[in-house]
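S.K.: Please see the structure below; I have some questions.
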């Protein structure tokens, strides 16, 4: 696709249904693969990251039907210990979730060997945060920089459960340990410094795992999995991804004259930090038609243009909105007062250093802001000017810059706009449709 050129001015109107939740899509594929029987998945995200997970599973003997936007995906499970040693390197593409969850899934496959690799961006991302806790269970994982960087080699072992404190509040780390715990000797207890998204716990229980969650435990949010329970194929309905909905939520609030309804959005409490911040900003947000779909809370969200107040975020809120910080930096530019984001150093080890990239690209559009070691300080009431900017291959940066372009004067050219396809393949088409409505 290359570059996309957007002009400031105009407004957006209509309804939009965002793609399926990326986190839930990955997990539905993985858990279906190690279950017995068939798992059917409605609404699975047909984007690059889940496609990487599906390709890795196929390489290990799992039958996964074609993934596109038109139908239900079927996964024929091979059981808890049925994954085959692959004949080739498992290519995780750009997907950190694929690589980190695969580490947990494969570490306990005794006597089998696996090699995980990815693109240039993924090879730069830290994996020791998963590999080191797995090593406490007896995993043998090697790679560059002492097993911190891909390519990573896994020599499957018989793992032992135990109590593991994770170094960061990360659903990927927690999920990898829970996956490893399914076939370990003895129970595995995972204690986090703060509560991370809980899709794995919800879905593993639905598949039949013996798993207890204690989000308010005295030592910290805790999940305990006991091995031995057979998983059984399920029918999974994937709600819309709130991280993708965030771009439309902010666009509606900052583009004059705009009103949008975002349909079928997952509002799992471990993911709704963005809604808490919008409330802090005084946004006129309506949560409509709340319901429960396959164990996940879902709603429609209606929002319209409105003046906004500055916000401050940090601490335990960050894991609940870590993927939304790039678009929140755009919202901060339009707010009254100075917004402060702290405790978000995790963004420096995403697909890109998102703090540095967003600061660099917004400055190219005339923004004034301070980039700190773990966040940003952004004065509000700023006017942006159209410019040539670059996603730097990051999907969330690409879509955040699109919203910034809508409130800038003049034209903005966004290079490497195709990055949006990692999580939202139809984003540019949807934007054009909402502009025409």
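Even glycines carry a Cβ here, placed using N, Cα and C.
Annotations for this protein, taken from Swiss-Prot, read as follows:
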type	residues	note
ACT_SITE	323	active site, proton acceptor
BINDING	22, 96, 125, 172, 354, 396	phosphoenolpyruvate binding site
BINDING	22, 23, 27, 170, 172, 323, 350	3-phosphoshikimate binding site
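Mind running through what each feature is packed against?
M.R.: Residue 323 (active site, proton acceptor) falls within a helical segment according to DSSP. Here the Cβ of residue 323 (active site, proton acceptor) has 25 other Cβ atoms within 10 Å, regardless of which shown protein chain they belong to.
When secondary structure is read from DSSP and collapsed to three states, residue 96 (phosphoenolpyruvate binding site) falls in the helix class.
The number of other Cβ atoms within 10 Å of the Cβ belonging to residue 22 (phosphoenolpyruvate binding site), over all protein chains shown, comes to 24.
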S.K.: List the Cα distance (Å, whole number) between residue 170 (3-phosphoshikimate binding site) and residue 96 (phosphoenolpyruvate binding site).
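M.R.: Approximately 12 Å lies between the Cα of residue 170 (3-phosphoshikimate binding site) and that of residue 96 (phosphoenolpyruvate binding site).
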S.K.: Between C-alpha atoms, which of these recorded positions comes nearest to residue 396 (phosphoenolpyruvate binding site): 23, 27, 323, 350?
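M.R.: In terms of Cα distance, residue 396 (phosphoenolpyruvate binding site) lies closest to 323.
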S.K.: My understanding is the cutoff is Cβ-Cβ under 8 Å with a sequence separation of 6 or more in the same chain; which residues meet that for residue 23 (3-phosphoshikimate binding site)?
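M.R.: Listed in sequence order: 97, 171, 197, 199, 241.
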S.K.: At 10 angstroms around each C-beta, which of the binding-site residues 170, 172 has the fewest other C-beta atoms nearby?
M.R.: 170
S.K.: Among the recorded positions 22, 96, 125, 172, 323, which ones place their C-alpha within 10 angstroms of the C-alpha of residue 350 (3-phosphoshikimate binding site)?
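M.R.: Checking each Cα against residue 350 (3-phosphoshikimate binding site), the hits are 96, 125, 323.
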S.K.: Return the residue, from the listed binding-site residues 27, 125, 350, 354, 396, with the maximum count of other C-beta atoms within 10 angstroms of its C-beta.
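M.R.: The residue with the most neighbouring Cβ atoms within 10 Å is 396.
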